[in-house]
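Quick notes on the structure that follows.
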Amino acid sequence: MTNKVYLLTDEQSKKIEHVLPTSDTTNLPQGTKYRTKISGHTVTLYNSNKLMIQGADSEVIGEQILSKAGIQLTQQLPDSNSTSKHNVSIESIQYDNYNCIGSDEAGSGDYFGPMTVVASYVSKKNAEILKVLGVMDSKNLKDRQIIELAEQIIPIIPHSLLVLDNIKYNERKQMGWSQVKMKAVLHNEAIKNVLNKIEEPVDYIVIDQFAVQGVYENYALGAIPERNKTKFETKGESKAIAIAASSIIARYAFVKHFEQIIKETGISITKGAGAKVDVEAAKIIKLRGIDYLDTITKKDFKNREKALKLIKK
């Protein structure tokens, strides 16, 4: 059995519904809009506007359906059982033209401070507003810009901020969790929270990729909401403004926690995990002790061991 998958627009999806045979639409799998049988082939239309035909002559049946609906496609997804990429053109999704949830995190590469994860819902209308406000890849923005921008967009967009503080981070590390697992759990939970906050239908959920989809789903510790609409994008901040917005809010939250550590310790600390961080950690050990240091840092980083060695010199 072969599978043929076509990526449709909203308008094309509606046309397909009109030409498909009537079928019972109760008890459909999550994310499925319509399912029927044609000439022994299973035809499934998803909420994500993907049309999948399963059967021996899936391509023939697919072309018949498209022709009947008056649709000519230049883009289609490859056969699910084929590794060939010849004669196939994959459409690059313009996420900002859709209602999207995007998620990203901050702090995962920093010895000091928590890990923050944010999911945000950005409608097509708000995407334009965020662009006017200057939302962009947060890696190109300084902390002051992040704070100013975050405080403008937080009231505008539905979002969920989750903070994994250092104590909880270290506890999960002791339980054998990797950072990838922590991220998967937090991203999935934040996305669920946002879905519960909004009433509008979501076209896509796009995650700034930190793991392949199979690994993400294995680690997420729960059902993946709107799985068929979920996409993973490398350098996602530059591809979806929903991810860029989440990145800004996540960095904003991280910066605020980072500033609180500086206030508590009276020591100017540095982001990242470089040699300067080792020296700063050693100063904190001298002032407050290793137990205190562990409450504001990620214990699994090598900076801890290096700081202890500096103390002994």
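Start at 1 and count along the chain as shown; that gives each residue its number.
Using the three backbone atoms N, Cα and C, a Cβ is placed for every residue, glycine included.
These figures come from a predicted structure and were not determined experimentally.
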Matching residue for the divalent metal cation site, where Swiss-Prot names ASP104, GLU105 - out of ASP203, ASP208, ASP278: ASP208
Candidates ASP104, GLU105, ASP208: member of the binding-site residues with the richest Cβ shell (10 Å): ASP104
For ASP208 (divalent metal cation binding site): DSSP state (helix, strand, coil): strand
